[in-house]
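Here's the structure, in structure tokens; my notes come after.
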Amino acid sequence: MDFVSKYMSCLSSWGLDLQPGLQSVGAAVLLATGGLFLASRVLTFVRVLLSLFVLPGKPLRSFGPKGSWAVVTGASDGLGKEFALQLARAGFNIVLVSRTASKLATLAEEITAKHSVQTRTLAMDFAANDDTDYEDLKTLVDGLDVSILINNVGKSHDIPVPFALTPEDEMTDIVTINCLGTLRATQLVIPGMMQRRRGLVLTMGSFGGLLPTPLLATYSGSKAFLQQWSTSLGSELEPYGITVELVQAYLITSAMSKVRRTSALIPSPRAFVSSVLSKIGRNGGSPTYSYSSSPYWSHGLMAYFLTCVLQPMGKLVVGQNRTMHEAIRKRALRKAEREKGKKST
């Protein structure tokens, strides 16, 4: 009752002297509101834990039968390569799309040697935005039972850089590859899925799309675009039985991240892709984002804390993000100077 006494004193100090009965009702309303708010937070966190650690995702076979096809963009390295390998292990034929023909050929040979599936390859540079390339992709997938599309192709900045200093070609490539490339590839593949009334469209997002990221402004903006686009697309395609999911990811060991050593927060491509494919349809650490997921356990806990506890758009969070990337930029520039000095000697 100490709370009620303090509540009544507070009302009196504001000149709001209510009748005792009304004071009790007001106190009860405040207690109930606070209790409901706390209970909702607890239930949300329990949902996150169940999604990350207990509940399974949709089985891959629900998207298409054995022998159907999965299209993987950005397939020659890192996450794209791992998606292709694990989907082939699950019995899907694989269409590999990436820039370097020799890498695609090597991966196709590896897949067919390990698994009894078919592969097809298309070497195309998404940065070129060449209509002929997309016509070739359409020709390649037309007539195939494409059950899964993995939109993995992407590009970031070489190092953190202020927007005013961002090279124009780098800025253009990021937007063209991350946004336009993903949209055009998806628009080619989904008509068949809509006709068959099943399928999975999985797009690689980033924490950069959740949190404004100074010194990676163009990349962050491109991933925020994909977040909104994918969520909208998910609602459009749900009546057709198609699952659309954007995967929100922190760092993963890859050429793009320039991180080589794994840790609790930074998984290998194999571990990350395994978590993604086993949790399709589960939000993981992103309970407030429909048609989205943070399935890897540490990324999910981070996403929950950042989006449900903190204010991701607030000055404090954005400022800390800027400070971190300013430090990364300084280290990268010092490293470049050292390497330049070694070459000159």
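Each Cβ is built from the backbone N, Cα and C atoms, and glycine gets one as well.
A quick note: this is a predicted structure, and the numbers were derived from the prediction, not measured.
What Swiss-Prot records for TYR219 is active site, proton donor, and it gives similarity to another entry as the kind of evidence. Proximity of TYR219 (active site, proton donor) to non-local residues of its own chain (separation of 6 or more, Cβ distance below 8 Å) is seen for LYS155, SER156, HIS157, ILE174, ASN178, SER206, GLY208, THR213, given in sequence order. Look at TYR219 (active site, proton donor): DSSP puts it in a helix.
According to Swiss-Prot, the feature active site, lowers pKa of active site Tyr maps to LYS223, an assignment based on similarity to another entry. Taking all protein chains in view, 28 other C-beta atoms sit within 10 angstroms of the C-beta of LYS223 (active site, lowers pKa of active site Tyr).
Around ASP125 (NADP(+) binding site), a 10 Å sphere centred on its CB holds 15 further CB atoms from the protein chains shown. For VAL71, ASP125, ASP133, ASN152, TYR219, LYS223, ILE252, SER254, the entry in Swiss-Prot reads NADP(+) binding site.
Taken from Swiss-Prot, the feature transmembrane segment covers 26-46.
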Coarse DSSP state, helix versus strand versus coil, of ASP125 (NADP(+) binding site): coil
Site of maximum Cβ density within 10 Å, from binding-site residues ASN152, SER254: ASN152
Neighbour tally for VAL71 (NADP(+) binding site), based on other Cβ positions within 10 Å of its Cβ: 30
Reduced DSSP assignment, ILE252 (NADP(+) binding site): coil
Cα-Cα distance linking LYS223 (active site, lowers pKa of active site Tyr) and ASP125 (NADP(+) binding site), given in Å to the nearest integer: 19
Length of the line joining the Cα atoms of LYS223 (active site, lowers pKa of active site Tyr) and ASN152 (NADP(+) binding site), in Å: 12
Cβ neighbours within the same chain of ILE252 (NADP(+) binding site) - under 8 Å, at least six residues apart: GLY78, LEU79, VAL259, ILE266, PRO267, SER268, PRO269, PHE272
